[in-house]
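Have a look at the structure below before the remarks.
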Amino acid sequence: MTKLEDHLEGIINIFHQYSVRTGHYDTLSKCELKKLITTELVNTIKNTKDQATVDRIFRDLDEDGDHQVDFKEFLSLLASVLVTAHENIHKE
């Protein structure tokens, strides 16, 4: 497995680590998303402990309005985080 493929598998595994806790096994509830963000992205997303921030992120990600974040919706968050990280690397 290449380094990139290994990282992709890691993203899937982390998503599943949090998605299986409550409700549907392949989606994130707001509580599961908060736990994932505050644990895995604590140094990347500001104000992760602020409930209003989590509420806004969840609302923005939940494109279909089903009160769950599926893997495709979760990837929107990762894409945004990666774009910001990429821009910050070029600023340094």
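Cβ from N, Cα, C; glycine included.
If you look up Swiss-Prot, you'll see His16, Asp26, His86, His90 marked as Cu cation binding site. The Zn(2+) binding site annotation in Swiss-Prot covers His16, Asp26, His86, His90. Per Swiss-Prot, the feature Ca(2+) 1 binding site maps to Ser19, His24, Thr27, Glu32. Sequence annotations record features per position, and here Swiss-Prot assigns Ca(2+) 2 binding site to Asp62, Asp64, Asp66, Gln68, Glu73 based on sequence analysis. Residues or ranges marked as domain 'EF-hand 1' in Swiss-Prot: 16-48. What Swiss-Prot records for 49-84 is domain 'EF-hand 2'. If you look up Swiss-Prot, you'll see 38-53 marked as region 'Hinge domain', on the strength of similarity to another entry.
The structure, with features from Swiss-Prot marked on it.
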residue: His16; record: Cu cation binding site; Cβ contacts under 8 Å, 6 or more apart: Asp26
residue: His24; record: Ca(2+) 1 binding site; Cβ contacts under 8 Å, 6 or more apart: Gln68
residue: Thr27; record: Ca(2+) 1 binding site; Cβ contacts under 8 Å, 6 or more apart: Ser19, Asp66, Gln68, Val69, Asp70, Phe71
residue: Glu32; record: Ca(2+) 1 binding site; Cβ contacts under 8 Å, 6 or more apart: Tyr18, Ser19, Arg21, Thr22, Gly23
residue: Asp62; record: Ca(2+) 2 binding site; Cβ contacts under 8 Å, 6 or more apart: Gln68, Val69, Glu73
residue: Asp64; record: Ca(2+) 2 binding site; Cβ contacts under 8 Å, 6 or more apart: Glu73
residue: His90; record: Cu cation binding site; Cβ contacts under 8 Å, 6 or more apart: none
Protein Cβ atoms within 10 Å of Asp26 (Cu cation binding site), excluding its own: 12
Among Asp66, Glu73, which are binding-site residues, the residue with the most C-beta atoms within 10 angstroms of its C-beta: Glu73
Secondary-structure category, per DSSP, in which His16 (Cu cation binding site) falls: helix
Model confidence over the region 'Hinge domain' (38-53), averaged pLDDT: 89
Sparsest-packed among the binding-site residues, when each Cβ's other Cβ atoms within 10 Å are tallied, from Ser19, Gln68: Gln68
Summary of DSSP states over the region 'Hinge domain' (38-53), given as helix, strand and coil counts: 6 helix, 0 strand, 10 coil
